[in-house]
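Swiss-Prot lists His444 with the feature active site, proton donor, giving similarity to another entry as the kind of evidence. If you look up Swiss-Prot, you'll see Asp313, Phe482, Glu491 marked as Ca(2+) 1 binding site, on the strength of similarity to another entry. Per Swiss-Prot, Ca(2+) 2 binding site is recorded for Asp337, Asp339, Phe341, Glu343, and the stated evidence type is similarity to another entry. Look at Swiss-Prot and you will find Ser987, Glu989, Ser1021, Gly1023, Asp1145, Glu1146 tagged as Ca(2+) 3 binding site. According to Swiss-Prot, the Ca(2+) 4 binding site annotation covers Asp1000, Asp1002, Asp1004, His1006, Asn1042. According to Swiss-Prot, the feature region 'Disordered' maps to 965-985. Feature annotation from Swiss-Prot assigns signal peptide to 1-24; the stated evidence is sequence analysis.
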Amino acid sequence: MRKLLLLIAASLLGVGLYAQNAKIKLDAPTTRTTCTNNSFKQFDASFSFNEVELTKVETKGGTFASVSIPGAFPTGEVGSPEVPAVRKLIAVPVGATPVVRVKSFTEQVYSLNQYGSEKLMPHQPSMSKSDDPEKVPFAYNAAAYARKGFVGQELTQVEMLGTMRGVRIAALTINPVQYDVVANQLKVRNNIEIEVSFQGADEVATQRLYDASFSPYFETAYKQLFNRDVYTDHGDLYNTPVRMLVVAGAKFKEALKPWLTWKAQKGFYLDVHYTDEAEVGTTNASIKAFIHKKYNDGLAASAAPVFLALVGDTDVISGEKGKKTKKVTDLYYSAVDGDYFPEMYTFRMSASSPEELTNIIDKVLMYEKATMPDKSYLEKALLIAGADSYWNPKIGQQTIKYAVQYYYNQDHGYTDVYSYPKAPYTGCYSHLNTGVGFANYTAHGSETSWADPSVTATQVKALTNKNKYFLAIGNCCVTAQFDYPQPCFGEVMTRVKEKGAYAYIGSSPNSYWGEDYYWSVGANAVFGVQPTFEGTSMGSYDATFLEDSYNTVNSIMWAGNLAATHAENIGNVTHIGAHYYWEAYHVLGDGSVMPYRAMPKTNTYTLPASLPQNQASYSIQASAGSYVAISKDGVLYGTGVANASGVATVNMTKQITENGNYDVVITRSNYLPVIKQIQAGEPSPYQPVSNLTATTQGQKVTLKWDAPSAKKAEGSREVKRIGDGLFVTIEPANDVRANEAKVVLAADNVWGDNTGYQFLLDADHNTFGSVIPATGPLFTGTASSNLYSANFEYLIPANADPVVTTQNIIVTGQGEVVIPGGVYDYCITNPEPASGKMWIAGDGGNQPARYDDFTFEAGKKYTFTMRRAGMGDGTDMEVEDDSPASYTYTVYRDGTKIKEGLTATTFEEDGVAAGNHEYCVEVKYTAGVSPKVCKDVTVEGSNEFAPVQNLTGSAVGQKVTLKWDAPNGTPNPNPNPNPGTTTLSESFENGIPASWKTIDADGDGHGWKPGNAPGIAGYNSNGCVYSESFGLGGIGVLTPDNYLITPALDLPNGGKLTFWVCAQDANYASEHYAVYASSTGNDASNFTNALLEETITAKGVRSPEAIRGRIQGTWRQKTVDLPAGTKYVAFRHFQSTDMFYIDLDEVEIKANGKRADFTETFESSTHGEAPAEWTTIDADGDGQGWLCLSSGQLDWLTAHGGTNVVASFSWNGMALNPDNYLISKDVTGATKVKYYYAVNDGFPGDHYAVMISKTGTNAGDFTVVFEETPNGINKGGARFGLSTEADGAKPQSVWIERTVDLPAGTKYVAFRHYNCSDLNYILLDDIQFTMGGSPTPTDYTYTVYRDGTKIKEGLTETTFEEDGVATGNHEYCVEVKYTAGVSPKKCVNVTINPTQFNPVKNLKAQPDGGDVVLKWEAPSAKKAEGSREVKRIGDGLFVTIEPANDVRANEAKVVLAADNVWGDNTGYQFLLDADHNTFGSVIPATGPLFTGTASSNLYSANFEYLIPANADPVVTTQNIIVTGQGEVVIPGGVYDYCITNPEPASGKMWIAGDGGNQPARYDDFTFEAGKKYTFTMRRAGMGDGTDMEVEDDSPASYTYTVYRDGTKIKEGLTETTYRDAGMSAQSHEYCVEVKYAAGVSPKVCVDYIPDGVADVTAQKPYTLTVVGKTITVTCQGEAMIYDMNGRRLAAGRNTVVYTAQGGYYAVMVVVDGKSYVEKLAVK
């Protein structure tokens, strides 16, 4: 947040600093607009402005200044000075005339000369996108610029525009600025207070019209009215349900049926008509008249249609020529009132055949019903500002950056936003194939294409985005011109089958740059300046993301058109006009669709078990704001909207009068639809299951439920008479086997003296009347000890004994016994120690306590409950049905029975297909079945091995770069992709679980709490948790340090944490929090390193309502990677105070599984270089570290596998003392490393260690886990070849295998070669890492193919580079290798262009003082200057010249190269004579240079340059080039030279032969400066010869050109740096291109954004001190002190002193015309 504030401050500090811009502070503290005292009679309004900004503008007509005010837009007569105005759309009552009275204002005059400002820019007309800016004349009214005095419009103006959907619309304009061009002065009227009265207003008629036409679907439009609060708020939609008028060509009747059925199910009341109806007709006039009548009739009945659907092409519904555009338009079908405002949302499903209409409908139905198999594409968006050298940097880039900044970002749920604000556009349209939910292009277009970057209608037909249909918007010319002779671009986009878009918004005529800008971001946006949400009216982007509106494709277009309406200037034809834009833009496809904004939410709903007949309404629970519809067979019965409590009252316009299944559909903007069926009729007597839940793991679905809440569904309650006045109640239950019964004895200390009861059962039923007396006690005194055992088979309790003082009794609680069903005698005894009697309980209950021949039925449970009854006691008996077969469960998936006869309350199904499924469970009783209870389940992934996503390929020079995204979902070897093991998922619906821990570290008594405070709502439900930095109820300011800690986790391989967070109050949003992981304990001290730490900023809250009103901020999803071994995760709220609450919800942790095992073979590494993808450290600093060796280069080497190994030397021609590290990439999760090593058999003591690091890759991060000194390896064993090198044989040992266990937490592995010297080498090959865990979704690697040949495998990164690729077209493919199989390949074509002009590399822009310094690297190869050149240099001799670069401009390079030409280790020398006087004397014209022995100074005396440098005139010399090459750099000029070949056998110093393309001896040869001459020796017949190649080596073979914000500011540069003076305070785009002789490279660009203004750290021409809170600045110039809001606090010359309040400040000093800015903090 601090950086953002400093950026703001830096822009405000521009007063007088630079000629580029300045800001004039006005006499108001803030810019503010208010509407108060709003009624049908009048309203009051105030307008205040805190600043005016001046911006320098370079034009074809010269240099001018542009003046702007936040929230205003430029106005003026064309060619006259342009000034800002504010425009508001207002609602005007029926019959009223709006009158404006100015109550007060302030006025000040400002001299622009004091700010170094030029004259104000003349206002220019709107420019069509079809215009060439270079050919459009610059409008300049000379008379206007000679006029003296202040000129401008009246302060206020009001103009009636028309009626829009029942609301009369007028434009209120405030003109706060007048301008005196001669004096160059502004007059600013500020703090304006006005009253707008409505004279003649008819309040009753106004409200009646509004009520009759109202629909919440027009909320987007109503919200743009300045005085919108005047109308009654309609919170319910069932009073005004959605109505749609459909007019279609007769040939589409059958094709339309599925769409009409769905719209009725969704809750649309349809009025459908066809052109073969006489009332409709086929002409434009008759169709228009019919539609107007339908609307007016509907309005009179308060049933006006919301949508108008036109179905067919112009052959059935023609449209008409626009009054302003002169192109085809559908506007006038829906503009009923005679103005240009439509009354209905109109869209055209343009199709020329029923088949094309079916294509459109199929895409719409899949999108609206959300039946696409993979919804993740909805989280992706494509945004393109197309190419235009003039307008792209002024409007295009700003449009796309606004969309990304405020909406299309992670905060709003987007995982991938493919943003192309400027070139290059490489691969941009490939994203349409891989899947995006939204695509927006703004720039040039044609009837059949988006122009640049180009995608044509033909290419649209070749798209491959099946099941991934999107909304497309084209802000460009004529792409929706639907009467074009062939299908226009928008028609093709929607008509194509199983690809393309479900809807397209575009313009029929040419569109305009300014209006398209306003259309997207809102009116008042200033060209060339990045717009802000606060500074613009509502545009189409803003409307799309209104949280609580019924956003449709049509409402997005309306918002754009209203923004253009905002910008139309009263009285001046300065813009193309709102009327033009209402005629221009159209929706092709289905405009009634509500687009999903990233991943839609899940609706929380509860449906009734059944729908009773003949009811006027039904109550259905759903998420607040949901639209609920009940229908049957495509006929709509009723609709309703869920209120704030989540209850929808569905008002039935057609009552249910018969049984059957009825469709219930629940929809809400950005929520998945709910599509269910409910049976109509009386409630079922058969109870269903309860608490049905469904979970998924991969493609396994697990259902769990609770048994029916009571088991009374088998029959009604039965009361059975069992004796005189005695009854028993029998009801369902379940516990025992079918042939058994259960008897339960229950008591609750009936007598209060701890005496209890016993139950005695006689299975022979012959004890009644003898052992069991008919009356009186069982016995008195002492009974026989075997009384019970001899007479009663079953006892309760089991140890009951015949003792009156017994403790074996049921006092409190219950006992039970299971008995065979049958006839028994029984009695219930009550031993009484005081009387010495064993009483039999009384008969005061519903059942006797003694019984002769009682039948206990099998399958029943008999509960005898003892109780007081008057002065005695008694027994109440309850009998329950205890049969296990009283019911079973049946399971359905998607309406199909998949399992029946279940008795358990759980069910699992594996291998379920990916997608959305409905699982239902019903209970089957003997006499009937219960209603189904259902649950929606989403199974992720697909049934194949998932491929990579979004593969792109690019080429620079001969280097190809591939990039891709990981497979969708997280596939595993099942082969079905598995989303991973969910370790924890918590939505806090029931508060903070007991297993979570909270710590109130600051001890204020306020920690994390469950979200049940007023106004707190969870992300996707009611529950969340929160922590306070300001407490309500008198608590006040808090300084929290609160921890919320998860239960213990098991994440051996790490995991991924996702959660949702928001600030409770969008206006007090700066809540600071962090996320930590601990691998040890869960105390606060265990959480030290934050994985994520941030402050939620107000700028981060992008919901329009959240900015405009104080409500809960926007929920944002965060994702954090958890390290291996994580045991606890903590959310810490701290470093916040005096804000409000931070809310947390939907915490989910998924465990990472096993990463794929992988083996490093070093086959992709290059001989003699450090191994690819490994890090090396030469810790001893001898310049000789680990490097790759190839057996193809070394005869003595044999790799373990393939050809390559890595090696480190302790002797390499000299003794070495190595300390070399070879470090792996991140191998988190590895448990073992297996590798092979070899050494020199004769010198085997090269010591090495295997080391691990759990942190970083510095040498100090590693510890030893294994080390050894190889010794005695394979003595006397095999040898693997001998070297031909001078140091003799290097016998290699056999390869030795080692496996080392790695400790938990290992992140990097290093092989260290050290503690040895003067031996030879150690080799490593085939290093294999075994990863821990079980196979999971991340268990895969990537394989890359070029032209069908595998070139790289085992990749784990999502990028790949290959250099040196041959010229031509290549197909690159990437496949995913899983444990169980491989994915389909994804492929991309890449072209290597030999004439490509290579660009610069690594361009950077950095501040330096007040300047911006650019630095870059030269092009990777300098062969772009021209084609290969062959030059004749003598008879039959040619030299090839091609580009290169190595030496300084006045020098040349000579290279001598050979490859053991004669096979005898004799080589060559190159001798150059700079005096060029040796030819014919020292250098003979023919024959050898000398024979025998030459003078030792022969070379030094005659030749200034030698190759090799130590060449000597000895025929036995070793100082020669045998294999390889040598070189020398010489001044460019004329030389004599010769190339010698010493031959010891003959004793001659031969001069090489002339068998090549260049003589080996030469008189006066010119070596040109800036060239490289390579002389390659070769055999030529019986002799030898020289082939010479000359390369252009001049550093000036190209120059650099620098651009700032699209304007060329420097060319002809040869250095790789450039300083742009005085530019560090503003944001700029810098570009550098390379200019070659034959062409120019692509530009490479970088955005420079100042961090505040660049800090000055050295040689500051001022002193700055802070003592306490006093800031003192001393300088020889001007000094100013600002706060971080840009307010100037103090200013003066030489010395400025200011006493601060604490916080951040900025000091600006201007000395000798140069500015310096420094930030400081005052505590």
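The backbone N, Cα and C atoms fix where each Cβ goes, glycine too.
Mapped onto this structure are the features recorded in Swiss-Prot.
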residue	record	DSSP (3 states)
Asp313	Ca(2+) 1 binding site	coil
Asp337	Ca(2+) 2 binding site	coil
Glu343	Ca(2+) 2 binding site	coil
His444	active site, proton donor	coil
Phe482	Ca(2+) 1 binding site	coil
Glu491	Ca(2+) 1 binding site	helix
Glu989	Ca(2+) 3 binding site	coil
Asp1000	Ca(2+) 4 binding site	strand
Asn1042	Ca(2+) 4 binding site	strand
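In this structure, Glu1146 (Ca(2+) 3 binding site) is part of a beta strand by DSSP. The record gives Asp337, Asp339, Phe341, Glu343 for Ca(2+) 2. Within 8 Å of the mean position of their Cβ atoms, the other Cβ atoms in that chain belong to Gly162, Thr163, Met164, Arg165, Ala335, Val336, Gly338, Tyr340, Pro342. The Cβ neighbour count for Glu343 (Ca(2+) 2 binding site), using a 10 Å radius and every protein chain shown, is 25. Note: the Ca(2+) 4 site is recorded as Asp1000, Asp1002, Asp1004, His1006, Asn1042; in the same chain, Ala1001, Gly1003, Gly1005, Gly1007, Ser1027, Leu1038, Pro1040, Asp1041 also have Cβ atoms within 8 Å of that site's Cβ centroid. Other than Asp313, Phe482, Glu491, the residues of this chain whose Cβ falls within 8 Å of the Cβ centroid of the Ca(2+) 1 site are, in sequence order, Thr314, Arg348, Ser350, Ala351, Ser352, Asp483, Tyr484, Pro487, Cys488, Gly490, Leu588. When the C-alpha distances from Phe482 (Ca(2+) 1 binding site) to the recorded positions Phe341, His444, His1006, Gly1023, Asp1145 are tabulated, the minimum falls on His444.
Between the alpha carbons (Cα) of Phe341 (Ca(2+) 2 binding site) and Gly1023 (Ca(2+) 3 binding site) lies a span of roughly 44 Å. Calculated from their C-alpha atoms, the gap between Asp1000 (Ca(2+) 4 binding site) and Glu491 (Ca(2+) 1 binding site) amounts to 61 Å. For Glu343 (Ca(2+) 2 binding site), the nearest neighbour among the listed recorded positions (His444, Glu491, Gly1023), judged by C-alpha distance, is Glu491. Taken residue by residue with DSSP, His1006 (Ca(2+) 4 binding site) is part of neither helix nor strand, so it is coil.
Distance noted between the C-alpha atoms of Glu989 (Ca(2+) 3 binding site) and His1006 (Ca(2+) 4 binding site) is 20 Å.
Once Cβ contacts within 10 Å are tallied over all protein chains shown, the binding-site residues Ser987, Asn1042 are led by Asn1042. The binding-site residues listed here are Phe341, Phe482; among them, Phe341 has the most other Cβ atoms within 10 Å of its own Cβ. Across the fold, the C-alpha of His444 (active site, proton donor) and the C-alpha of Glu491 (Ca(2+) 1 binding site) stand 18 Å from each other.
Local packing around the Cβ, expressed as the count of other Cβ atoms within 10 angstroms, is greatest for Glu491 among the binding-site residues Asp313, Glu491, Asp1002, Asp1004, Glu1146. When the Cα atoms are compared, Asp1004 (Ca(2+) 4 binding site) and Gly1023 (Ca(2+) 3 binding site) turn out to be 24 Å apart.
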